[in-house]
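Lifted from Swiss-Prot, the feature list:
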ACT_SITE  GLU388  active site
BINDING   HIS387, HIS391, HIS394  Zn(2+) binding site
Amino acid sequence: MAKNRNEIPEKLTWDLTTIYKTDKEWEAELTRIKSELSLVEETDPGHLLDSAESLLTITEKMLSISQQVEKLYVYASMKNDQDTREAKYQEYQSKATALYVKFGEVYAFYEPEFLKISKEVYNKWLGELQKLKNYDHMFERLFAKKAHILSQKEEKLLAAAGEIFESPSETFEIFDNADIKLPMVKNESDEMIQLTHGNYSSLMESKNRGVRKAAYKALYSNYEQYQHTYAKTLQTNVKVHNLNAQIRSYDSARQAALANNFVPEKVYDVLMEAIHQHLPLLHRYIELRKKILGITDLKMYGIYTPLSNLGYKFNYEDGVKKAEEVLAIFGKEYKGKVKAAFEQRWIDVEENIGKRSGAYSGGSYDTNAFMLLNWQETLDDLFTLVHETGHSMHSAFTRENQPYVYGNYPIFLAEIASTTNENILTETLLKESKDDKERFALLNHWLDSFRGTVFRQSQFAEFEQKIHEADAAGEVLTSEYLNSLYGEINEKYYNLAVKGNPEIQYEWARIPHFYYNFYVFQYATGFAAATFLAEKVVHGSTEDRQKYLEYLKAGSSAYPLEVIAKAGVDMESTDYLDAAFELFENRLSELEKLVEKGVHL
């Protein structure tokens, strides 16, 4: 049973006094920054391009205030996350969020004003004022957007329409999470319980086929019933993306979304090409699953059934020890930072009443790279620990080696650092496995992760691309059209006929990622790149490990593909994907051999 916050040993809580010693200090900073923003509002708009010195001064002031706002926000947010019932910290978070909004409003002038400068004048100023070169890559990114920025009047109109453009995704979220009441179903104890989005996953992992089937059919009966409403929200959302792309002179919504993060479209195309080429591997995995479960007719509700009963148990101390041992492979510098994170209270470990669920790595440029966990002593908790430590090490290395302006990194790169660690942990545990049953469990765990991240997220990415293209070509995205398209893609991926799995055609209706605007493909590219890099780190040279650290240290000082190239990955080539699929095939072959030996019985 979860404890109250004050019952958790101090050593298992994060130390937020390293950010602000007291709440009063936070409150004083909030007041001071509000005043500073009011002053900026009166003095800076309209003067950015008065001179090279003015551009430098206003830019540095903006970045400095941004740095302070982030620090304030992080403290309030983490204080709230550790016990969401505390009204004081709910209020702190609201105030910090309002400050973020105010900062955005005050500096709304910056980008449109900067884009009035010609490249000739900018280059002249760059030659005259050496310090401007510290921000050259930031300015270069702004220039890259210039062709897609509208007049000040048009930008103002678009900004005013922002709330309207957000309404399809907000309507979906409210309808799906608040308005819809899912049916009652039986759990493994034969008790009637309320089906929720939260408990659906655990019910789908039940060893009782009847429990899985009932939960699956109950969930999708909801999406079948309301399919026309879900189709309308998704269709409108796609229209918003396509309209924005058209207004800003992009060729497509996909081009607009990827250009925003400076990721070439070729990365997406290369992923799709490699996925389609390697779908027979997923079909092989599905066939093996049938064999292990002893059935010839696998249903979609059998995809998540656990294939192993082996239960790993790790208390937190053992988990930390194992994580330190596994991550030592990166060398002295990385090892030292991991030690600091584990010993200097960067981590909030245990579950307590009111604490935010799940796990994350957080912090700001001026703080430790904190981690929130909810440790339950499972193998998944150990994987979560090395995953979040990967994010935190990425943050720590970036902040130590880059100025604030480049002291962050995009999601496109973020998931690589975390899942590389997960892959190295898998490699280590496989090496240490004592018998075939352990190997079976570990191989199954990794293959399921690969399937769920690389294959499944690519399936979503393919559907997302096709519905945007269809709308742009004048197709009406009715529920019938969406059902048919999704069912066809699902059948192609899993080799399981829609006829025998009619409910799966409605799955598109429950995926929130389809409202995120070409976001989901990054999970697949990230996991594949991490698989490729983990092999280089484990089996490669000291130079390979050093190159990996260079990627962690680069932050956003270069474009994403240039940064990951430092580690040795070319995201516009299929090489990294082919290497990842080769490992998937090798591990699948090993699992097949273990099944032949009867290890699963």
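Every residue, even glycine, has its Cβ placed from backbone N, Cα and C.
The model shown is predicted, which means the values in this text are computed figures rather than measured ones.
Summary for the binding-site residues HIS387, HIS391, HIS394: the Cβ-based neighbour count within 10 Å is maximal at HIS394. A separation of roughly 10 Å, to the nearest angstrom, links the Cα atoms of HIS394 (Zn(2+) binding site) and GLU388 (active site).
Counting every protein chain shown, the Cβ of GLU388 (active site) has 25 other Cβ atoms within 10 Å. Other residues of the chain with a Cβ within 8 Å of the Cβ centroid of HIS387, HIS391, HIS394, the Zn(2+) site, are SER361, GLU388, THR389, GLY390, SER392, MET393, SER395, ALA414, GLU415, ALA417, SER418, ASN421. DSSP assigns HIS391 (Zn(2+) binding site) to a helix.
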